[in-house]
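Engineer: Here it is, the structure in full.
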Amino acid sequence: MLDVLDVLAKTILKKKPRKLRKRAAKASARRSKPLGRPVTKLKAKPKTQMGRGPVKRQDFERILSLFELQSPLILSFQRLLARRQQHSFGLHGVACVGTEAHLSLCSLEFYRANDTIRCPGGAPAVVSCVPSPLYAASSGQKKQQSKPQGEARVRLKGGAHPGEGRVEVLKAGTWGTVCDRKWDLQAASVVCRELGFGSAREALSGARMGQGMGAIHLSEVRCSGQELSLWKCPHKNITAEDCSHSQDAGVRCNLPYTGVETKIRLSGGRSRHEGRVEVQTGGPGSFRWGLICGDGWGTLEAMVACRQLGLGYANHGLQETWYWDSGNITEVVMSGVRCTGTELSLDQCAHHGTHVTCKRTGSRFTAGVICSETASDLLLHSALVQETAYIEDRPLHMLYCAAEENCLASSARSANWPYGHRRLLRFSSQIHNLGRADFRPKAGRHSWVWHECHGHYHSMDIFTHYDILTPNGTKVAEGHKASFCLEDTECQEDVSKRYECANFGEQGITVGCWDLYRHDIDCQWIDITDVKPGNYILQVVINPNFEVAESDFTNNAMKCNCKYDGHRIWVHNCHIGDAFSEEANRRFERYPGQTSNQII
């Protein structure tokens with residue numbers, strides 16, 4: 001280190017003008033004597049002497065003065081020089097394979113008690129850590145996403161906690177899963193490190209993090225644990241016959257300790273998974289616990305609270321908690337909480353800050369949660385929408401029940417009933433539950449609404465939204481579908497049906513089953529009577545109001561390109577919202593539209 005300082009000092013002495021050196025000498029004379037030597041004025045030396053031999057202490061002190069006149073970096077140099085002789089080495093050598101969860105699991109070589117020289121010719125080991133995008137975003141740092149070589153990327157889906165989930169990789173602009181054949185801890189550790197976490201704690205097989213849908217990109221992945229990307233490991237490209245989604249691979253990664261779970265707790269519940277939410281506020285020496293205003297508290301906020309607590313997903317987000325005892329905590333310290341559902345803690349959500357405003361006062365109207373380690377995950381079969389879409393001109397006299405349930409455009413109210421017709425874009429929708437818990441309506445049977453015209457109950461007012469959008473996102477037509485019958489239409493081979501609507505039966509969708517809304521039933525359409533010919537986007541969103549908690553809301557939307565010429569419609573390029581890469585989604589949004597009906 002002194003050699004480096006020598007070179008630096010000589011360079012500075014050569015280049016500083018005479019006037020600056022005189023000022024430095026005066027400043028040096030006013031300094032105390034940190035090195036125990038008398039301070040003398042700086043005298044110019046012949047050029048032949050500059051840059052030769054080691055720098056003396058007196059010259060080095062003058063160098064420090066020059067630095068003080070132009071840069072605060074001198075403080076860092078002083079600290080570095082002062083600490084040079086203060087290192088206390090505990091380890092002589094460390095040898096890691098690269099898959100260890102902690103440094104103590106590596107092969108360590110300790111110094112012996114009689115060693116007189118430690119780390120000869122070496123220096124303290126230094127590391128530079130790059131936070132995962134998840135933690136970089138949560139700490140306010142600018143998210144920097146490195147672009148791996150090639151077109152491969154990786155993500156986790158369906159996990160109840162950060163750093164766990166089903167492994168999905170990007171290939172040719174489309175996300176797909178990984179088959180669990182030969183899946184082991186080394187391959188899982190490569191995934192965890194690629195995502196910015198630690199090594200893998202567990203390699204999961206058998207779709208324990210839920211089944212994916214669509215392509216399966218990789219199989220028989222064999223990693224040594226040293227690779228920077230999963231795509232660098234030897235693997236096998238497979239076809240649909242080689243593997244099924246019941247064999248999707250997953251991981252659980254080792255995570256850094258953040259301590260966010262110490263700033264939140266639940267009280268009054270029947271178990272540790274439910275209760276009124278209490279958060280810690282204030283600074284050091286003035287910490288206090290308080291409640292959260294229930295105004296606007298919903299499923300997304302409850303998801304963040306359960307994640308921060310380490311309790312998995314949210315079953316319910318409650319705005320009234322009068323039935324839970326709050327103990328001696330009655331003060332509301334947080335209000336206006338609005339979350340996207342991806343935050344690590346409630347502090348990262350938008351809220352009113354120190355200015356607490358609550359419309360309904362009192363501890364009975366404070367926020368509460370019911371958490372669960374499992375949740376449902378609904379996904380629309382996009383290919384079926386594309387295959388079944390067509391236009392029907394339906395007479396008004398056949399649409400009275402649909403009008404009663406508000407399934408037609410607003411212009412239908414001024415139509416000449418029962419004469420005329422409405423033009424409807426019809427299609428089938430097949431909704432799969434790929435999560436780890438059954439999808440159940442938010443309301444129980446006692447509160448379902450009976451519709452006399454159609455002769456059935458509605459367990460959810462709005463189950464899906466149907467929209468026709470212009471390429472810039474403007475809505476030109478819309479529709480909705482109430483959940484008049486959530487049931488298991490079909491299931492996978494090893495799954496039995498549990499829900500059936502007949503005889504006022506229980507409604508829901510079992511894990512591994514799907515509910516089919518055929519194109520020929522009422523309200524399974526969009527009224528496009530007033531839509532002009534052109535190129536549009538067809539969008540279908542399941543559970544749009546987040547009434548029922550799911551493990552993942554990013555895959556609830558489906559989009560298609562469509563061309564309408566005033567008589568016929570062509571629907572193509574249908575996909576789930578998170579099935580494409582960011583670049584592929586941008587191309588979809590910028591799609592100029594079809595000039596003919598020749599869709600390739």
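Here, residue 1 is simply the first one shown, and the rest follow in order.
Yeah, the Cβs are placed from backbone N, Cα and C, and that goes for glycine too.
Checked TrEMBL, it gives:
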type     : residues      : note
COMPBIAS : 19-46         : compositional bias 'Basic residues'
DISULFID : CYS179-CYS243 : disulfide bond
DISULFID : CYS192-CYS253 : disulfide bond
DISULFID : CYS223-CYS233 : disulfide bond
DISULFID : CYS339-CYS349 : disulfide bond
DOMAIN   : 154-254       : domain 'SRCR'
DOMAIN   : 264-372       : domain 'SRCR'
REGION   : 19-54         : region 'Disordered'
Engineer: Give me the Cα-Cα distance between CYS349 (disulfide bond) and CYS179 (disulfide bond), rounded to a whole Å.
Structural biologist: 36
Engineer: Between CYS243 (disulfide bond) and CYS233 (disulfide bond), how far is it from one CA atom to the other, in Å?
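Structural biologist: Counting only the Cα atoms, the answer is 19 Å.
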Engineer: Please work out the mean pLDDT for the residues of the domain 'SRCR' (264-372).
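Structural biologist: Averaged over the domain 'SRCR' (264-372), per-residue pLDDT gives 90.
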Engineer: Which chain-mates of CYS233 (disulfide bond) that are at least 6 residues away have a CB under 8 A from its CB, listed by sequence?
Structural biologist: ALA187, VAL190, VAL221, ARG222, CYS223, SER224, GLU227
Engineer: Let's check the environment of CYS339 (disulfide bond): how many other CB atoms sit within 10 Å of its CB?
Structural biologist: 23
Engineer: Cα-Cα, whole number of Å: CYS339 (disulfide bond) versus CYS192 (disulfide bond)?
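Structural biologist: With the alpha carbons as reference points, the distance is 26 Å.
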Engineer: Work out how many Å separate CYS192 (disulfide bond) and CYS179 (disulfide bond) at their Cα atoms, rounded off.
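Structural biologist: Counting only the Cα atoms, the answer is 17 Å.
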Engineer: By Cβ count within 10 Å, point out the most packed of the disulfide-bonded residues listed: CYS179, CYS349.
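Structural biologist: Counting Cβ neighbours within 10 Å, the top one is CYS179.
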Engineer: For CYS243, CYS253, listed as disulfide-bonded residues, tell me which one has the smallest number of other Cβ atoms within 10 Å.
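Structural biologist: Output over disulfide-bonded residues CYS243, CYS253: least Cβ neighbours within 10 Å is CYS243.
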Engineer: Going by a 10 angstroms cut-off between Cβ atoms, which of the disulfide-bonded residues CYS192, CYS223 has the sparsest surroundings?
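Structural biologist: Relative to the other disulfide-bonded residues in CYS192, CYS223, CYS223 has the fewest Cβ atoms within 10 Å.
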Engineer: Round to the nearest Å and give the CA-to-CA distance linking CYS253 (disulfide bond) with CYS179 (disulfide bond).
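Structural biologist: Their Cα atoms are separated by 18 Å.
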Engineer: Just give the helix, strand and coil counts over the domain 'SRCR' (154-254), going by DSSP.
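Structural biologist: Split into helix, strand and coil, the domain 'SRCR' (154-254) gives 16 helix, 34 strand, 51 coil.
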